Amino acid sequence: MPALEITIINKLGLHARAAAKFVGVAGRYPCQVRVGRNPESCVDGKSIMAVMMLAAGKGTNLHLHTEGEQEDEALNALVELINNRFDEGE
């Protein structure tokens, strides 16, 4: 089960469009994706409502972990999305 902590760096944080992109990437993989402000209270990373309820603004540290088939690929894709500022160019 790969896991890591990552900081939200885009200007608007994990707002609706960014959350939709996150869930879209997570949904491409068959593994379980969990995300949260701390490892003990992670939510389903494939649920748009759960991801939006994190209210993760710029500078928020999030814990990501994946488990199951293609877990490494899923984690890498989500890290790339976050590090690319959700492709919002800011």
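Quick reminder: no glycine exception, Cβ is built from N, Cα and C everywhere.
Listed features, source Swiss-Prot:
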{"type": "ACT_SITE", "residues": "H15", "note": "active site, pros-phosphohistidine intermediate"}
{"type": "DOMAIN", "residues": "1-89", "note": "domain 'HPr'"}
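If you average pLDDT over the domain 'HPr' (1-89) in this model, you get 96.
For H15 (active site, pros-phosphohistidine intermediate), applying a Cβ distance below 8 Å and a minimum sequence separation of six or more within one chain yields no residues. Secondary structure of the domain 'HPr' (1-89), assigned with DSSP and counted as helix (H, G, I), strand (E, B) and coil, comes to 35 helix, 19 strand, 35 coil.
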